[in-house]
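Engineer: Here it is, the structure in full.
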Amino acid sequence: MKVTAVLMVAVLVLTACQLTTANTTDYVRRILARKSTMSKRYCSDSGGWCGLDPELCCNSSCFVLCG
């Protein structure tokens with residue numbers, strides 16, 4: 001009975017570790033892909049349209065227009 005309980009706990013811990021690692025790896029992969037596309041991204045001029053995406057303004061603030 002004790003051996004079964006220990007095995008069940010071990011399986012649960014290993015499963016949790018696998019899920020955590022998988023989620024982190026996917027997150028890192030998406031961040032790296034986004035950075036590679038950002039280096040090729042067009043930067044709006046000051047006063048140009050950016051919507052609510054501050055990354056379009058590159059080095060300035062953004063709220064509908066680049067500041």
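Quick reminder: no glycine exception, Cβ is built from N, Cα and C everywhere.
Sharing the record's features from Swiss-Prot:
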- CYS43-CYS58: disulfide bond (DISULFID)
- CYS50-CYS62: disulfide bond (DISULFID)
- CYS57-CYS66: disulfide bond (DISULFID)
- CYS66: cysteine amide (MOD_RES)
- 1-22: signal peptide (SIGNAL)
Engineer: Pop the Cα-Cα gap between CYS57 (disulfide bond) and CYS43 (disulfide bond) into the table, whole Å please.
Structural biologist: 5
Engineer: What is the interatomic distance between the Cα atoms of CYS50 (disulfide bond) and CYS66 (disulfide bond), given in whole Å?
Structural biologist: 6
Engineer: In angstrom units, rounded to an integer, how far apart are the Cα atoms of CYS58 (disulfide bond) and CYS66 (disulfide bond)?
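Structural biologist: Rounded to the nearest whole number, the Cα-Cα distance is 9 Å.
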Engineer: Fewest neighbouring Cβ atoms within 10 Å: which of the disulfide-bonded residues CYS43, CYS57, CYS62, CYS66?
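Structural biologist: Ranked by other Cβ atoms within 10 Å, the disulfide-bonded residues CYS43, CYS57, CYS62, CYS66 bottom out at CYS43.
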Engineer: If you count the C-beta atoms lying within 10 Å of each candidate's C-beta, which of the disulfide-bonded residues CYS50, CYS58 ends up with the smallest number?
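Structural biologist: CYS58, out of the disulfide-bonded residues CYS50, CYS58, has the fewest neighbouring Cβ atoms within 10 Å.
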